[in-house]
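One structure is given here, and the rest of the page talks about it.
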Amino acid sequence: MSSEMLPAFIETSNVDKKQGINEDQEESQKPRLGEGCEPISKRQMKKLIKQKQWEEQRELRKQKRKEKRKRKKLERQCQMEPNSDGHDRKRVRRDVVHSTLRLIIDCSFDHLMVLKDIKKLHKQIQRCYAENRRALHPVQFYLTSHGGQLKKNMDENDKGWVNWKDIHIKPEHYSELIKKEDLIYLTSDSPNILKELDESKAYVIGGLVDHNHHKGLTYKQASDYGINHAQLPLGNFVKMNSRKVLAVNHVFEIILEYLETRDWQEAFFTILPQRKGAVPTDKACESASHDNQSVRMEEGGSDSDSSEEEYSRNELDSPHEEKQDKENHTESTVNSLPH
């Protein structure tokens, strides 16, 4: 090997050695199985893959939302017609007639609920607001005793509530805003059955998600304040598998539906969720009569079976008694809100 080639050979060898050292350092820096890093399970790997796909499709989802907004805008424009002057174009709307009936959600039970239930109440209020905005006969909507956890949750998760229209959101108690003689508290514990709605009155719905921890509380409050109270005529038209306590938004929507149809049974069956197992009272009576006949036919057995037959009849009379005491009357379903 000549003396001229020797420096080049030495320089090349040094470069190779440096590259080898760097590769060794990189390998040593990688986490090894069993050395401070646990192996990734298949489930974790799937989650990571899904997360990566979600991030990669972010722009695609954004584009789809943009296209959806454009499509809805075009649909709205197609529903427009020129006015008598021929200048502006107005949306073709149904004939909306505002009701004079005042419907109040009483939020004075804030201190009795945990945060999870506060969030459920917030969603139910959102649903009430959305349904009232699209109703044919919207009511005069009031939210009273607004504050505490509920207001904080709305401030954090739904800042747009300050721009809601056609709603009176007040920190005061409803008794400070409306005359006592105009108030009717809607509570399932009241012995009074509501036959029809008086649109000159103000009906109060208890804003309480209690999971049956505070039975009779709204009825007690109405009695303590000395205001009228009543319950919806649910038992006159509907037989349910569960207790007659309904979620705030269900009561609200039933009243909106009744104002449109003036038919309690239609209002109940339009609004009540299927999980309630609601059937018309006449069909429920026919079913009960058929069951009783079946029991009587079986009573022709020996006397030793009489105790079992009596137990069977008791079960038929109240098959859902335990379920009624345990069922939670709330529902978290939320629509996007118009502002």
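Using N, Cα and C of the backbone, Cβ positions are placed for all residues, glycine too.
Residues or ranges marked as region 'Disordered' in Swiss-Prot: 1-90 (among others).
Marked as compositional bias 'Basic and acidic residues' by Swiss-Prot: 14-35 (among others).
According to Swiss-Prot, the coiled coil annotation covers 52-81.
Residues or ranges marked as compositional bias 'Basic residues' in Swiss-Prot: 61-74. Across the compositional bias 'Basic residues' (61-74), DSSP assigns 14 helix, 0 strand, 0 coil.
Taken from Swiss-Prot, the feature domain 'SAM-dependent MTase TRM10-type' covers 89-279. Summarised as a single figure, the pLDDT of the domain 'SAM-dependent MTase TRM10-type' (89-279) averages 91.
Annotated region 'Disordered' per Swiss-Prot: 282-339 (among others), in sequence order.
For 300-309, the entry in Swiss-Prot reads compositional bias 'Acidic residues'.
Annotation source Swiss-Prot lists compositional bias 'Basic and acidic residues' at 310-330 (among others).
According to Swiss-Prot, the feature phosphoserine maps to Ser336.
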